Each structure stands twice: as structure tokens, then as C-alpha cells.
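Structure record follows, encoded as C-alpha cells.
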Amino acid sequence: MANGTSVEEFILLGFPGTWQSRVSLVVVFALIYTLTVVGNASIIVLVWRSSNLHTPMYFFLCNLSFLEIWYTMGIVPKAIGVMLGTSQTISFSVCILQLFFLLSLGSTECFLLAVMAYDRYLAICYPLRYSSLMNSVLSVRLALSSWLGGFLSISLLAFLTSRLTFCGPDVINHFLCDIDSCLALSCSDTWPVELATFLVSIIVVVASCVVTLVSYMYIISSILRIQSVHGRKKAFSTCSAHLSVVTIWYGSTMFLYVKPSAQSSLDLNKIVNTFNTVVTPLLNPFIYTLRNKEVKLALVRAFQK
């Protein structure tokens, strides 16, 4: 008996298939993992070494890159072990810890993206007052609030999940412990956890999305009032990378978590979750470097040195 349950560990299925197909997936996951860690770490080092990038916008970007590194490290190594068949079991306590860790980082990313949208709103709508409105103290406070809010918002949900009873089966149709799979395996009443999941999703995902949308409504309105075409392009280029990341992240996150029932379409959830937890952290550094002139110039200077 562990935490009042008769299941002490779970078996992760990963992606069932032939050995050749699983090895191919392992190669893809390993490549994505390497590129994600190197890409996001490079952004942090680049911002740290380039004095012209010491602004609130890139401070928030460093926080996002740091988050993506931990997000990937919490998923991909275990997923590779599952697909190779060397680490398919996970204890109940580690399963809950992984669930708490990943959901907390996901919530933090929602808050960080909302803060970055607010930062772009101030930069475009109040360019002359931006340096006084978004100073270093406020930047640190907003980033710290995002991290604290992300982890605190998931605490109750993780606690409720840890109190569920699991009588068997103990097979999770996934390569990680997520809330949907735990609810599907539980033999106790899951309604409190499903309600908590839905409410937390509304508070975290929808609320942060509303802040982001409202910020961009004001941003677009301000851009349209700019007379010159060059001025409009320059203003839009400062937020186009962030807008791309926001669209990808919120689209997949809302599909996964903002729904009344958490136990439907587990196979489809696994596919979307793969994109959300493995592919998205890889895309972020490339989106910000390819769509941002300041980052590209800093990269050129770094290579020249």
C-alpha cells in the first residue's frame, strides 16, 4: 500500500510499435532534445553576453528559454527510456512529482507569455514612457510572480491527484504521467480532480490568454494608427515572434486542458501532448532568432568575435 492505493508503480506504454519504429522515434526525440537544450541555452548566453539585449523583453525571453530547458529535461529522457524498454515503470510518487513539475512549468509558461504580451503592449503603445513603466524592478517582480503563480496554482490539483485510489490496471497509455491518464486509471471518484483541473485551466490558461489577447488588441490598434508603412512593419516585427509562440502554445494547451471531461481521446491527447511538450520547446528559440533582427545581429557579432 502506498498513499492509500494498491498500485505502487505504473507501466508507461509510450508509442507501441515495432522495434525499428521505436528506435526511429528515439533518434528523433534525442535530436529534438539536443537542439532544444542547445538552442535555448544559446539564447540565455547570447542575451547575457550582449549588452544591447539587456532589456525587459530579452529578460523575459531568458526566463522562457530557461523554463523550456527544464520542461524538456523532465520529459524526453524518460520518454526515450520508455521507448527503448529500459525504463517503462514509474513509481506512484515519481508519477505525481512529474505531473506536478510539468503542469507547474506549463502554467508558468502561460503567465510568462501573458507578461511578455503586456511588455510588448507598453513598448508599442507607450514608446516614450516604456523605460520608466517597465523598469528592471517591475520586470523581476513580473517574472517571479509568473514562476510562483505557476507552481502554486498546480499545488492543490497535484494534492487531489495524489489522493486518488488506483486498483488496477496499472498501464498508462503515454510516455509520461499526465492528468488524463491518471484519471482514466483511477477506481475512485475522479469528479473533484476533474473539476479542479477544469477550474485551474480556466484560471491559468484562459485568464492569461485573455490578458494576451487584450494586449494584442491594443497593439494592433496602435500599429494601424502609424502613418508610415516602414513604421508599421518595424512595430509589428517587435512582437511577431512572440505572437507566433503564443498561437502555437495556447492552441495545443487549450485542446488538452480546457474541457469538461479529461478522460476522452487519450490517443489523440498523446499526439497533441507530444507536440506541446517536445516540439514546442524546440520551436521557440528558432522562432525568436529567425523573426528578430536584434537577436540575429547579436548572433552575427558573437560569431565574428
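In case you wondered, yes, glycine gets a Cβ from its N, Cα and C as well.
Record features (TrEMBL):
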DOMAIN    39-288  domain 'G-protein coupled receptors family 1 profile'
TRANSMEM  23-48  transmembrane segment
TRANSMEM  60-84  transmembrane segment
TRANSMEM  90-118  transmembrane segment
TRANSMEM  138-160  transmembrane segment
TRANSMEM  195-219  transmembrane segment
TRANSMEM  240-258  transmembrane segment
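Only sequence-distant pairs (6 or more apart) were considered; of these, fewer than three Cβ pairs between the transmembrane segment (60-84) and the transmembrane segment (195-219) are under 8 A, so the stretches are not in contact. In the predicted model, the domain 'G-protein coupled receptors family 1 profile' (39-288) shows an average pLDDT of 83.
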